[in-house]
Amino acid sequence: MLKRKQSSRVEAQPMTDFGPDETLTDSADIFWINKPWVHSLLRACAIISVISVCMNTPKTFEHYPPLQYVTFTLDTLLMFLYTAEMIAKMHIRGMIKGDNSYVKDRWCVFDGLMVFFIWVSLVLQVFEIATIVDQMSPWRMLRIPRALIMIRAFRIYFRFELPRSRITNILKRSGEQIWSVSIFLLFFLLLYGILGVQMFGTFNFHCVTNETMSGEVTWNSLAIPDTHCSPDGEGYQCPSGFKCVDLGHLGLSRQELGYSGFNELGTSIFTVYEAASQEGWVFLMYRAIDSFPRWRSYFYFITLIFFLAWLVKNVFIAVIIETFAEIRVQFQQMWGSRSSTTSTATTQMFHEDAAGGWQLVAVDVNKPHGRAPACLQVNTLLIN
């Protein structure tokens, strides 16, 4: 009986890790956490948790103040429910010891982290209600990971009917390709970031009225429409009554001037990424044309769009398509038709003749079939 019980445990091991909801220990005592309705309730609570995070914004509380207490109540209930689930799983699996312990299961660790962030969010909301922490404080960013709990509601549908070794090989090969493409992208970002710093610089020169003094820049001081200009006479020249001045020297801060430009390497890489997204890159090009010689802008932005926006993006898409194609091939090999191309029902095959060519000839046409005499079988074939 002991050997039989051990063999049944070995055969019951899953091919892949489907998550803690599907791989709980099958013990004699049926705990409440193992029941299907509890699994459905916890998945529904995951969706409720995401909705609670979406409602937890300062503007929402400003327009609908009672929602602050509604979200607090929901988070409290979710906290107790998920904490009870975590304690129950630790009791069933064990905390550390054992091959099926809580900390050795990746999905259990993920669920534990989600419980931790729910606690953090709840404590933070208590401080916000008590006005100890401002509602616009950067501490609100601690709620961001709570959105990942949505994975729990849908991970039951993310099943792979493949052995873990094949999944590991697919992820390893695709990971290497994505890593290579990421290095390729980083190279061009760094290259064009350095080129932008060397070829351009700041975009702070604007046309202002001749009467504008330092510290007295207003909207009425700027040209209409506001245009960038070049103090060297190679770009756009201000009309009469205006002068080309660096607004940074007139007292405007970096926040007022904006962060798009090629001031230093970090800002330059950010500007390159903004241009490579093809969202408003033409406005960056127009600023460069107005502030610097035109040939620099034409060369820089045409090559940037070609290499970053087209080439690297298409390489990324090709890698993703290749990964999905490989997964499809693996599924076909596992669950597709396993019949051989030359089955017993095949009556023709390719045969090489004396001249080196290939001909499609019949196979086993003259082979006797059944118990009838051979002469009768030949006559039957001729009649057919």
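Cβ atoms are placed via backbone N, Cα and C, with glycine included.
What TrEMBL says about this one:
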- 36-330: domain 'Ion transport' (DOMAIN)
- 108-127: transmembrane segment (TRANSMEM)
- 139-158: transmembrane segment (TRANSMEM)
- 178-195: transmembrane segment (TRANSMEM)
- 298-321: transmembrane segment (TRANSMEM)
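If you count C-beta pairs under 8 angstroms between the transmembrane segment (178-195) and each of 108-127, 139-158, 298-321, the highest count goes to 298-321. For the transmembrane segment (139-158), the list of distant contacts is 18-19, 21-22, 42-44, 46-47, 49-50, 53, 56, 107, 110-111, 113-114, 117-118, 120-121, 124, 133: same-chain residues at least six beyond its ends, Cβ to Cβ under 8 Å.
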